[in-house]
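Peer 1: The following block contains the structure, expressed as structure tokens.
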């Protein structure tokens, strides 16, 4: 184990091991009898002591001793000396067991339990820990127990931080000491303790960890701490609104279900059978408290008092990055309305980490309500024809600039300086896998903080090349680098209105839907969706995607092309269940049904048992098929599709096609063929 060769046992060692096993079986048999019969005599307790001296991992024996201690304490007078004597004996047994096996979970847990009784000297525990940590300075059990002991004392976190200094300077490879340092610093920084202001302390910590990284570059401990520091540098405590739809200054056209005959408007057109459209707020971190009291709406659109805001994707959750409310309109009442949204003017929006949203934002858009011209033709959506070039004057991309500039007003100066210093430092580091990865992360961090359009995006080519190098150097982590490469590429695409507009089109056959083409790019992950909330038609075909995670935020999405990817099951499409506007879905030529064992199926938010499946007519008529295709059933029943393509998958066939037509009754087109009766 851990690269150490296993040598054959000598005959005398095997004989000793066999004798120990016989003794252990005898002790275990006697012990279990005592435990079963609840015998807590001195002899029975001594027997458990002998058992634990041989096998400190006998967890049942530790539990037995807890019961025995409680029994003995209940039988004596409340004399502190007698209580201490009983508990001190337990500490002695634990210490003996730890000398046998320093990594015994049961022994450390039992010692915590004894100490929590409050009759033992905490000072003795710290002295004992120092002895143990000299034997094994990296043992995480001891460090975990140390944190527990320190909480029971008046020892300051600053003193403990100094202790980690000493342990790290003695051994840079002490991962547990680095971890404890991050725990202590997190607490001290959160308290704004004297001498622990982030803009001063974090740059100092970068200098501290450099000693470890450049002295022992092949050891991972310092690198992990550096990654933690980078996270602290990037994370702004106060949550920020990163995007919204509609965006500030935009105009949208609203109608009922159907078409706007001859519509050539460059405004975003939204057609809805329900007579409502989504308002989307996207925060940089999960927040709660988004409600009609914290987000106010001024509009002449009737029936929108007390709007209900829901978190996406989980309605049962109290926090999310994405919040959606639906604003009602009457398509039979054509008119133009100004809508003003104020976010955070009243307190109440709070991040999952407990920080208040204190960057109020106001945006105004115009809603043009039009009559609907019913279209009796249910034409098939083509992904090759009917597209027009993007109008550079469109205001749909306003939010890319507006909110970026607003958030740039936050105090990022010291953070930018820290990142710049690290980029300069690691830019001269000799080539190594971890060095290249760290430099790529630092350059991504620098891009995240840039607000000046003149310099924004200049590092992406270098970042992409670094991940290309890593994929070639380190095949065992290829998929991770591939995913990071995809995320960096999408950040590059969405970094400016100019770069994003190169991938945008209008689909004239459906009210000039906004179409984003990201096909044939070898993407394996979806990212930057906060910049794509206005997209209605998305082409992700001919990539290497395994799931649709992230697309749940794109509430306007009505057409999605995922053909020729690497999707292995319908559970990988689970996020689409929250995109209620989706009408056209192409998942042809994927790997659905190809793998007999697919663990991703269990990521799907499925019913707890088959008895909860198929309570509708389809489930009652075909319970066997619902059970067989339960993940497809769960996803498809939540969608309102009119066009679906599944050809080229292992699952495709007459049986599954028949099942789909029953599950999605409004489906008109299946694999390019029009459903009979339509």
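In case you wondered, yes, glycine gets a Cβ from its N, Cα and C as well.
Keep in mind it's a predicted model, so treat the numbers as computed, not measured.
So Swiss-Prot has the following annotated:
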- 40-74: repeat 'PFTA 1' (REPEAT)
- 86-120: repeat 'PFTA 2' (REPEAT)
- 121-155: repeat 'PFTA 3' (REPEAT)
- 156-190: repeat 'PFTA 4' (REPEAT)
- 201-235: repeat 'PFTA 5' (REPEAT)
- 510-532: repeat 'LRR 1' (REPEAT)
- 533-554: repeat 'LRR 2' (REPEAT)
- 555-578: repeat 'LRR 3' (REPEAT)
- 580-604: repeat 'LRR 4' (REPEAT)
- 638-663: repeat 'LRR 5' (REPEAT)
Peer 1: What parts of the chain pack near the repeat 'LRR 2' (533-554), using Cβ distances under 8 Å and only residues at least 6 beyond its ends?
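Peer 2: The answer is 243-247, 250, 268, 280, 282, 312-313, 321-322, 383, 396-397, 399, 482, 507, 510, 513-527, 560-568, 572-576, 578-579, 581, 586, 600.
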Peer 1: Between the repeat 'LRR 1' (510-532) and the repeat 'LRR 3' (555-578), are there three or more C-beta pairs closer than 8 Å, counting only pairs 6 or more apart along the chain?
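Peer 2: Yes, the repeat 'LRR 1' (510-532) contacts the repeat 'LRR 3' (555-578).
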Peer 1: Six or more residues beyond either end and a Cβ under 8 Å away: which residues meet both conditions relative to the repeat 'PFTA 5' (201-235)?
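Peer 2: Sequence-remote neighbours of the repeat 'PFTA 5' (201-235) are 168, 172-175, 178, 181-182, 185-186, 188-189, 195, 414-415, 417-419, 421-422, 425, 429-430, 432, 434-435, 438, 441-442, 445, 448.
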